């Protein structure tokens, strides 16, 4: 399996994140357009970073650990720690994204504070 495209595909969710930022800055916070982008971000994040990403990390770990003698212990340890940290960060950011969307879309339209 080619692991570089798998890892680079993590950035697919960035497209939706940038669109959400632009819709917010253009004054469309809480709009249908932002809801569609938020849904796209959430789906891309879950399927690409969480499901596909962690399974790719696991597949890479299995490949490297079966050849541990060839790659050496330092590489195996570094890779394992890196994969654990990156997967943990992705799960943490998923939590933060869900929390942010809940706050953004659950508040009534009239109760949002307007910034001057």
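Residue numbers in this text run from 1 along the chain shown.
Even glycines carry a Cβ here, placed using N, Cα and C.
Sequence annotations record features per position, and here TrEMBL assigns domain 'TLC' to 1-106. Per TrEMBL, the feature transmembrane segment maps to 6-23, 35-54, 74-95.
Residues 6-7, 9-10, 12-13, 15-17, 19-20, 23, 86-87, 90-91, 93-94, 97-98, 101, 104-105 of the same chain sit 6 or more residues outside the transmembrane segment (35-54) yet have a Cβ under 8 Å from a Cβ within it.
Across the domain 'TLC' (1-106), DSSP helix (H, G, I), strand (E, B) and coil residues number 96 helix, 0 strand, 10 coil.
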